[in-house]
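Swiss-Prot has this to say about the protein:
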type	residues	note
TRANSMEM	15-35	transmembrane segment
TRANSMEM	48-68	transmembrane segment
TRANSMEM	100-120	transmembrane segment
TRANSMEM	147-167	transmembrane segment
TRANSMEM	173-193	transmembrane segment
TRANSMEM	219-239	transmembrane segment
TRANSMEM	251-271	transmembrane segment
TRANSMEM	292-312	transmembrane segment
TRANSMEM	348-368	transmembrane segment
TRANSMEM	378-398	transmembrane segment
TRANSMEM	403-423	transmembrane segment
TRANSMEM	431-451	transmembrane segment
Amino acid sequence: MSTNKSSIEKITLGSFLIALGVVYGDIGTSPLYVMKSIINGNGGLESITPDFILGVLSLIFWTMTLLTTIKYVLITLKADNKGEGGIFSLYTLVRRRAKWLIIPAMVGGSALLADGMLTPAVTVTSSIEGLKILPSFNDIFGNNQDIIIIIVLVILSFLFFIQHFGTEIIGKIFGPVMFIWFAFLAILGIVNLSGNLYLLKALSPHYAIKILFSPNNHLGFFILGGVFLSTTGAEALYSDLGHVGRKNIYLTWPLVKICLLLNYFGQAAWILSQKNNTKLYGIESLNPFFQMMPSWLLLFGVLISTLAAIIASQALISGSYTLVSEAIKLNLFPRLQCLYPSNSKGQIYMPAINRILWIACIAIVLYFRSSDNMEAAYGLSITVTMLMTSILLFNYLLKIKTPLPIALIILVFFGSLEFSFLISSAVKFEKGGFVSVLIALCILSIMYIWIKGHYIKMSLLDYIPIENYKNQLKELKNDVDRPKYATNLVYLTSSEKSKRIERKIMYSILDKRPKRADVYWFVNVIVTDEPYTAEYTVNTFGTDYMVKVQLKLGFRVNQKLNVFLRQIVCELINNGDIKVQNRKYTTLPNRNVGDFRFILINECLSSESKLKSWNSMIIKAKLFIKKFTVSPAKWFGLESSEIEIENVPLILGSTEHTTLKRVYK
């Protein structure tokens with residue numbers, strides 16, 4: 001892992017392009033809709049004044065500087081977990097400080113996933129709507145929004161369809177395309193800004209404060225909801241830390257920020273130059289980004305912005321896979337199938353998540369129909385994620401011995417700033433923001449049910465000392481009157497204690513049908529706070545037939561239990577801890593490892609369980625959700641192994657028994 005980490009930290013032309021293609025898709029496409037959202041929200045071009053434009057530019061500049069540059073690039077990026085970033089990586093760094101920190105992690109993760117469903121719809125629709133300005137398009141289709149919707153649906157459907165095959169090949173063009181995109185943004189901005197350099201006065205925070213109280217600002221304080229769209233990609237920047245490394249972000253962000261600001265300033269210059277152009281008054285969804293292009297450049301502008309939007313969408317889709325995968329490993333989300341279409345680091349494909357994202361994006365496009373309506377709903381959930389990150393970051397700063405006053409200043413300053421954006425975005429709730437809130441609440445509910453159900457079950461399960469059954473297992477092992485069930489009989493246990501397992505496991509071995517084996521394996525898998533841990537410990541209890549294994553795997557490690565267990569068996573045989581398992585019949589010469597049989601216990605809630613009504617509902621809901629998750633066999637990489645599934649009643653809480661009384665006639 002150290003080699004892998006050092007390789008992504010290297011600064012090369014390739015790493016520079018990869019960073020552009022992976023990290024900045026979301027924030028890099030914000031010029032498509034930020035100015036458009038603010039101008040149209042304030043009443044259109046006819047309501048714009050120079051002071052208003054200076055104030056808007058100042059707000060954008062200082063929002064990007066304070067939130068993206070200072071909070072995320074300079075402070076939060078240092079909170080990496082062995083090179084990995086993101087809200088769940090941050091949570092793993094601090095979760096031992098307080099149990100309640102799981103709440104901001106779950107809330108922030110849910111909101112980030114909800115944002116991932118809106119972003120592809122917003123960016124692709126905003127770019128395709130640029131076609132309306134093309135004379136040739138207008139001549140054929142007029143102002144027909146249905147055509148735009150059809151094109152957007154086709155692009156999004158194609159994007160989700162190709163996920164199954166992996167994006168390694170097309171991913172190679174992401175960096176060069178985004179380089180062209182940012183260069184295009186900068187050049188377009190410079191051309192329009194020339195002759196209007198007085199707009200650079202907007203770098204003073206004076207104008208940002210002044211506009212909030214200006215009568216020219218018809219939105220008042222709520223203008224911050226539109227301004228916030230310029231920095232929504234900051235959280236994604238932190239999440240992608242593990243893909244490109246901190247040094248590459250330090251190198252590329254200043255260049256990206258300059259390109260973005262040049263474009264915003266260029267749009268502002270165009271707006272002021274056209275504010276008396278009555279032909280543009282009343283234009284629905286006026287977009288300065290496309291309007292400021294000369295007619296001969298429009299087609300290229302639409303094409304390159306569409307490609308940038310697709311790349312941004314791909315980054316959000318891949319980020320969603322990674323986010324869910326981390327949540328699963330932390331036991332915050334139901335187990336879903338993970339596929340690896342290529343050998344590239346971070347190339348995960350989750351069919352269930354892909355289908356959900358596709359359906360959600362299509363539904364969002366069909367419901368909102370235009371980027372204007374989507375922008376009105378966009379950004380609300382990501383403010384919640386940023387607030388939750390600030391809470392976790394505060395605890396991380398305390399963990400690394402940052403003086404309490406400094407940590408408090410950081411929390412209060414950025415927390416207040418983000419809370420202001422949250423309040424200003426709250427007006428979006430009735431305009432469509434409720435969609436992202438509902439999505440986030442649905443995801444949060446699933447997380448809550450899953451983790452709460454786990455805690456309820458773990459608190460009530462009956463654990464027993466393995467050594468109490470040492471003699472019985474030895475007798476069963478040597479009982480030649482019984483047919484051998486397996487050479488290696490393997491059970492999965494949730495007990496992290498080296499000498500204990502669940503009673504139901506021993507019940508399966510001894511009571512249900514005595515299972516004779518040479519070696520009984522009890523395997524416990526622990527997901528560590530570090531991303532790429534791969535360690536194990538064993539306890540043989542002084543025997544050669546009874547082994548408790550504890551696998552410690554990082555939260556990004558694929559849990560290939562079959563592969564790991566064979567490696568452990570070979571090492572124990574070589575060390576003399578267990579006997580050589582010679583096979584009389586085999587196609588492999590010198591094979592000294594016997595066969596394996598895995599017993600997977602399927603829990604069914606017993607009618608005898610007597611739980612509090614709320615806990616009972618949680619357990620039933622979790623078992624219902626479990627029906628739609630990937631099977632333990634697939635999750636632990638046992639598809640090609642010999643497995644047997646046993647149904648065991650899950651009896652939780654107190655039980656009530658009715659005693660039958662025999663009646664004699």
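Heads up, the Cβ atoms here are built off N, Cα and C, so glycines get one too.
Between the transmembrane segment (403-423) and the transmembrane segment (219-239) there are at least 3 Cβ pairs closer than 8 Å, counting only pairs 6 or more residues apart in sequence, which means the two stretches are in contact. Ranked by number of Cβ pairs under 8 Å to the transmembrane segment (348-368), the listed stretches 15-35, 100-120, 147-167, 251-271, 378-398 are led by 147-167.
Residues of the same chain lying 6 or more positions beyond the ends of the transmembrane segment (173-193) and with a Cβ under 8 Å from any Cβ of it are 14, 16-22, 24-25, 28, 31, 199, 255-256, 258-267, 269-270, 273, 292-293, 301, 304-305, 307-308, 311, 314. The stretches the transmembrane segment (100-120) and the transmembrane segment (251-271) do not meet in space: the count of Cβ pairs below 8 angstroms, excluding pairs fewer than 6 apart in sequence, stays at fewer than three. When Cβ distances are compared across the two stretches, the transmembrane segment (15-35) makes contact with the transmembrane segment (219-239), since 3 or more pairs at least 6 residues apart fall below 8 angstroms.
By the Cβ criterion (under 8 Å, sequence separation of 6 or more), the transmembrane segment (251-271) is not in contact with the transmembrane segment (147-167), since fewer than 3 such pairs are found. In summary, the transmembrane segment (219-239) lies against the transmembrane segment (378-398): three or more C-beta pairs, each 6 or more positions apart in sequence, are under 8 Å. If one looks beyond the transmembrane segment (378-398) by at least 6 residues along the same chain, the residues whose Cβ comes under 8 Å of a Cβ in the stretch are 33, 67, 71, 75-76, 79, 87, 90-91, 93-94, 97-98, 101, 104-105, 107-109, 111-112, 114-115, 118-119, 122, 225, 228-229, 232, 234-235, 238, 404, 406-408, 410-411, 414-415, 418-419, 421-422, 425-426, 428-429, 433, 436-437, 439-440. Tertiary neighbourhood of the transmembrane segment (431-451): same-chain residues 102, 106-107, 109-111, 113-115, 117-118, 327, 331-334, 360, 364, 367-368, 373-374, 376-378, 380-381, 384, 425, 618, 621-622, 625, selected by CB-CB distance under 8 Å and a gap of 6+ residues from either end.
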